[in-house]
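Novice: What Swiss-Prot records for 32-38, 36-49, 345-370, 476-537, 633-708 is disulfide bond, and it gives sequence analysis as the kind of evidence. According to Swiss-Prot, the repeat 'LRR 2' annotation covers 62-85. Summarising the annotation, Swiss-Prot assigns repeat 'LRR 7' to 182-205. The feature repeat 'LRR 10' is assigned by Swiss-Prot to 254-276. If you look up Swiss-Prot, you'll see 278-300 marked as repeat 'LRR 11'. The repeat 'LRR 13' annotation in Swiss-Prot covers 325-347. Swiss-Prot lists 23-558, 611-634, 700-718, 785-798 with the feature topological domain 'Extracellular'. What Swiss-Prot lists as topological domain 'Cytoplasmic' is 580-589, 656-678, 740-763, 820-902, and the listing cites sequence analysis.
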């Protein structure tokens with residue numbers, strides 16, 4: 001009664017003053033404090049003094065102030081009766097100041113105050129005396145302070161209080177006595193405190209409370225009757241606490257609609273756990289170490305719309321959902337489910353979203369009874385077969401995710417009755433074929449990770465397809481990706497990553513916990529006409545994943561064939577002359593012969609690629625997947641790496657052998673044993689085998705590209721392998737260069753011409769120079785890729801792989817044939833049937849006639865070196881007794897004839 005009289009009195013005064021204000025306009029505007037901003041609302045004034053660095057309340061506030069914002073200042077105290085004349089003030093904001101204490105009477109006279117904000121201050125307890133008799137107060141914010149104590153009389157007289165914030169403080173218990181007087185309270189948050197226990201009848205007088213937040217505390221136990229009296233409670237948040245047991249006290253909350261107790265330590269959900277909560281709409285209890293769930297736990301919840309159970313790793317049985325007929329979204333991930341009951345759709349006729357990912361489901365029932373299903377997520381399970389009835393007549397299904405299963409069999413009509421399906425993910429399965437019936441409406445298709453799925457997919461079955469991921473780039477050729485690449489170049493990664501966002505359209509079906517995939521399939525087809533005619537397909541085709549020809553140009557094709565033919569012919573001649581029957585092979589010739597064999601293998605690997613290019617000419621996409629994933633490509637890649645590495649290693653041994661040989665000769669020392677050279681050769685072969693096999697043992701293969709060779713860019717493992725090879729080979733070339741530089745520097749001018757077999761020294765030097773020059777582009781591109789320098793086009797990389805790398809296979813034998821006099825001698829001996837090194841068998845060859853020497857020497861002189869009482873410096877075996885050599889181990893000559901250098 002008194003309140004009505006007071007309100008009538010204030011209304012009368014307001015009307016009178018309004019008439020006065022109408023006669024004297026602008027009066028109130030002039031009374032606005034200097035640092036503040038004021039706004040007229042009829043007779044009343046809104047004053048904004050926020051973030052003005054104030055240390056006290058501004059003066060000259062209008063008595064008609066209805067809104068006063070003093071937040072984000074430096075106010076440290078509020079004197080008593082400082083606002084006693086602000087009878088019309090309805091909202092007062094003091095947040096973000098330095099208030100540590102509010103005295104009694106600080107809010108005296110604020111009979112109309114409805115909203116009081118005191119958050120983000122330094123209060124250590126609720127200012128109980130200051131709050132007394134704020135009868136109109138409806139919202140009180142005390143959050144983000146340091147409050148650890150709430151006096152029992154804190155809220156006395158706050159009969160109209162509807163909302164109370166006490167979160168983010170230091171409370172250790174529920175302020176039971178202080179809350180007893182708040183019978184009109186509708187929403188309260190005590191979150192982000194240090195509360196350990198909720199006692200019985202903690203909220204017994206809060207019969208009007210609708211929302212209660214207790215999350216992010218340290219609650220480990222609940223009284224069995226702690227929620228008694230909360231007859232109107234609809235939302236209860238117990239998330240992020242330390243609860244060990246299911247909160248059985250909720251059984252008294254008959255009107256509860258939203259319940260959250262996720263991220264606790266609850267291990268079990270008992271039978272009929274929610275029997276007293278028939279109004280529940282949403283339950284969140286994921287991220288609990290749940291080991292057991294009663295089969296009847298979720299029965300008879302007719303209003304339940306969403307059920308989320310993530311991370312319940314010990315659940316092995318699908319819950320019985322009898323009576324929970326309104327469920328629209330069911331998420332049960334990270335459990336141990338092995339099967340689904342056949343009656344799942346009978347119990348859930350209104351189900352729209354089903355997420356059973358990360359389980360162990362092996363067999364799927366028929367979902368034909370779930371006519372409202374729009375999204376099914378079954379990724380990361382163990383499903384083997386999709387039958388024709390599994391998804392039959394799901395006319396509303398728009399997204400189906402079956403990735404990371406073991407699906408090997410899909411019935412041809414499995415998707416024939418899914419007219420609304422626009423997103424299908426079957427990536428990382430064991431598919432060998434893919435049915436296309438009924439998928440004409442697809443816009444997103446993912447088949448990547450099915451290595452056995454090598455057939456091309458006809459594009460005419462997917463007229464609306466916009467985004468696709470295939471096992472092989474060649475399968476993108478059918479969707480004109482090659483043609484697009486010719487005009488637009490390689491697609492930008494940022495554009496690819498945002499392409500899905502361009503198509504997304506949220507139709508607001510449900511608020512899901514994870515809407516990343518759900519929104520991805522909801523497309524707007526009418527936004528841009530240009531987008532309708534483009535297909536984003538990955539992995540994209542290109543020079544290393546060609547659609548038409550393995551070799552991109554006729555220049556490359558002709559060059560490869562020329563290298564192959566020359567390597568076969570020239571290396572065959574070198575091998576025939578070096579390894580002639582009944583002839584002794586010295587160490588340096590043995591190395592040259594082995595290098596020729598390796599060069600032949602390199603030519604063979606290039607010949608295989610050239611043959612594949614010829615056989616698949618103009619239609620490589622049809623056979624590309626079969627070729628690069630087959631054994632033939634693996635063998636070709638192995639041979640190319642093995643041959644290339646062995647050639648470099650043998651060339652390194654040859655360079656070192658020449659250096660040691662010259663050193664022994666010039667110092668009249670006995671040569672090192674031939675056994676050391678043989679051991680080095682064996683080591684080279686073993687090291688090359690290890691290098692060539694390592695891509696297979698490390699999990700990667702040579703089939704990353706149809707060239708069957710590790711790429712200089714792209715896949716990190718392949719690029720890392722190539723960079724390691726380049727570093728190793730560069731080290732070999734460095735060792736060879738140092739050895740030969742040291743060799744030439746140690747010899748006096750003209751001394752090399754007097755050394756036996758100096759032609760071999762010069763030949764190895766020529767090989768070193770040629771191979772080093774040819775290897776520079778490979779090293780440069782490898783390090784460019786490592787540094788992400790992309791100024792070199794993939795076409796150039798491809799040409800280097802096809803032409804530069806195998807080029808030594810034909811140049812090495814050509815250099816030997818054209819410039820080494822040993823070849824002329826050996827080919828003549830081979831032609832006439834003579835035995836190699838016949839001069840070493842005849843003791844009469846103490847000297848060579850001047851006429852013969854003149855024919856063989858470019859300077860018409862004979863190079864002779866006399867070794868007095870020293871062993872002959874040929875590379876004969878240490879214990880040779882074969883009659884084919886016709887000489888003894890320590891056979892001595894007074895003078896020896898030598899093959900000239902020129």
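Cβ from N, Cα, C; glycine included.
Looking at the shown structure, can you explain where the listed features end up?
Specialist: Counting every protein chain shown, the number of other Cβ atoms lying within 10 Å of the Cβ of residue 36 (disulfide bond) is 18. Under DSSP, residue 36 (disulfide bond) is assigned to coil, being neither helix nor strand in the three-state scheme.
The DSSP secondary structure for residue 370 (disulfide bond) is coil.
The Cβ of residue 708 (disulfide bond) has 605, 609, 628, 633, 634, 636, 637, 640, 702 as same-chain neighbours under 8 Å, each 6 or more residues away in sequence.
Long-range contacts of the repeat 'LRR 2' (62-85) within its own chain (CB-CB distance under 8 A, at least 6 residues past either end) are made by residues 17, 28, 31-32, 38, 41, 43-56, 91-110, 117, 130.
Averaged over the repeat 'LRR 7' (182-205), the predicted model has a pLDDT of 97.
Helix, strand and coil content of the repeat 'LRR 10' (254-276), in residues and according to DSSP, is 0 helix, 5 strand, 18 coil.
For the repeat 'LRR 11' (278-300), the list of distant contacts is 234, 239, 254-272, 306-315, 317, 319-324, 331, 513: same-chain residues at least six beyond its ends, Cβ to Cβ under 8 Å.
Sequence-remote contacts of a segment are chain residues at least 6 beyond its ends whose Cβ falls under 8 Å from one of its Cβ atoms, and for the repeat 'LRR 13' (325-347) they are 286, 301-319, 353-370, 372, 510, 512-513.
Counted with DSSP, the topological domain 'Cytoplasmic' (580-589) comes out as 3 helix, 0 strand, 7 coil.
Sorting each residue of the topological domain 'Extracellular' (611-634) by its DSSP state yields 17 helix, 0 strand, 7 coil.
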Novice: Going by C-alpha positions, which of the disulfide-bonded residues (32, 370, 476) is nearest residue 49 (disulfide bond)?
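Specialist: Closest by Cα distance to residue 49 (disulfide bond) among the disulfide-bonded residues 32, 370, 476: 32.
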Novice: Within the repeat 'LRR 7' (182-205), how many residues are helix, strand or coil going by DSSP?
Specialist: 0 helix, 5 strand, 19 coil
Novice: Cα-Cα, whole number of Å: residue 32 (disulfide bond) versus residue 345 (disulfide bond)?
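Specialist: With the alpha carbons as reference points, the distance is 67 Å.
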Novice: What counts of helix, strand and coil residues does DSSP assign across the topological domain 'Extracellular' (785-798)?
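Specialist: With helix first, then strand, then coil, the topological domain 'Extracellular' (785-798) has 7 helix, 0 strand, 7 coil.
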Novice: According to DSSP, collapsed to three classes, what secondary structure does residue 476 (disulfide bond) have?
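Specialist: It is helical.
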Novice: Can you figure out which of 36, 38, 476, 537 (the disulfide-bonded residues) comes closest in space to residue 345 (disulfide bond), comparing Cα atoms?
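Specialist: If we rank 36, 38, 476, 537 by Cα distance to residue 345 (disulfide bond), first place goes to 537.
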Novice: Can you grab the distance from residue 370 (disulfide bond) over to residue 36 (disulfide bond)? Cα atoms, rounded to a whole Å.
Specialist: 62
Novice: Calculate the distance in Å between the alpha carbons (Cα) of residue 36 (disulfide bond) and residue 537 (disulfide bond), and round it to a whole number.
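Specialist: Residue 537 (disulfide bond) has its Cα 59 Å from the Cα of residue 36 (disulfide bond).
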Novice: When secondary structure is assigned with DSSP, how many helix, strand and coil residues does the repeat 'LRR 2' (62-85) contain?
Specialist: 0 helix, 5 strand, 19 coil
Novice: How many other Cβ atoms are found within 10 Å of the Cβ atom of residue 345 (disulfide bond), counting all protein chains shown?
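Specialist: Summing over all protein chains shown, residue 345 (disulfide bond) has 21 other Cβ atoms within 10 Å.
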Novice: Between the Cα atoms of residue 476 (disulfide bond) and residue 38 (disulfide bond), find the distance and write it as a whole number of Å.
Specialist: 65
